[in-house]
Amino acid sequence: MESLQRLLQGARMGTGMMGDQPLVDNSECVYISSLALLKMLRHGRHGTPMEVMGLMLGEFVDDFTVRVVDVFAMPQSGTGVSVEAVDPVFQKNMMDMLKQTGRPEMVVGWYHSHPGFGCWLSSVDINTQQSFEQLTPRAVAVVVDPIQSVKGKVVIDAFRLINPSTLMMGQEPRQTTSNLGHINKPSIQALIHGLGRHYYSLRINYKKTELEEIMLLNLHKQPWAHGLLLENFNSAAEKNHASIDKMKSLSEQYTERVQNEVTLSPEQLRIQYVGKQDPKKHLDAEVQKCIDNNISSMLACMLDSVAF
């Protein structure tokens, strides 16, 4: 109660005292390394359908840059909408062991997963972020969706809380000094859950070194002789039958979805399939995969018949 009275008293005194205080700039960017991003996605996928969380290691380079170089998972149990608080004993032991392996970076924030329901902060997440910002005012909360994330597009966002005193005094939570911090269109779920009122979104970028680019290009790369291997005909026939059955099921799902879209309003269509499987995309991918496998097996069979 006393803190609320002091806050109201400061608001009545005017905004002149708040004018000289440093404000967060909207061009502030969070740079996440490839290693940290892969670890977050893998941790989130393994925990599906439950939420998982972990801590991010890095440094605050300047007033506009937060660099995340690595992450590690926390042994927290989660539900469908929240995760528990951080275990300080595990965090201290993990930080000590990481320093011995040449990882002296500090904790710059935390991450957790929202499997299938978008990137936003719940009330429990806001309380967790408040505890982080009490220790480090510039701490960042990263939310990743491992279900909606696909190859080439990661559903991820970074947030930080808005000081309630700035809202009471009618001030903007961030100042604008450049056009670097362009505003990404927020999702409806994030706006409903307090984006722009209780917390704001930070820009995310990914910096890759030459070695990291080589590592990512070779991540799922097959050797040159892999395409010349001739698969067993029985196993290839079984795969083709399974692929055809899957394509039949996906085509039925897509037909049913198209028929249902006629009866839905535009507002219902906007949120009807959020976090659900898109049968059309999966059908295209399955057809392309089946064609590629059959073409490569036919070419390998022809080469083997000519060579041997």
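Cβ from N, Cα, C; glycine included.
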Kindly point out the range from 98-111, 112-125, 182-195, 210-223 that Swiss-Prot annotates with motif 'JAMM motif'. 112-125
Sequence-remote partners of the motif 'JAMM motif' (112-125) [C-beta within less than 8 Å, at least six residues beyond its ends]: 40, 43-44, 47-54, 78, 81-83, 141-148, 155-157, 159, 187, 189-190, 192-195, 198-199, 274-275
Could you find out if DSSP has Asp125 (Zn(2+) binding site) as helix, strand or coil? helix
Near His114 (Zn(2+) binding site), which residues of its own chain have a C-beta under 8 A away, given they sit six or more steps off in sequence? Glu51, Trp120, Val143, Val144, Asp145
Using DSSP with the three-state reduction, classify His114 (Zn(2+) binding site) as helix, strand or coil. coil
What average pLDDT does the predicted model assign to the motif 'JAMM motif' (112-125)? 89
Among the binding-site residues His112, Asp125, point out the residue whose Cβ has the most other Cβ atoms within 10 Å, with all shown protein chains included in the count. His112
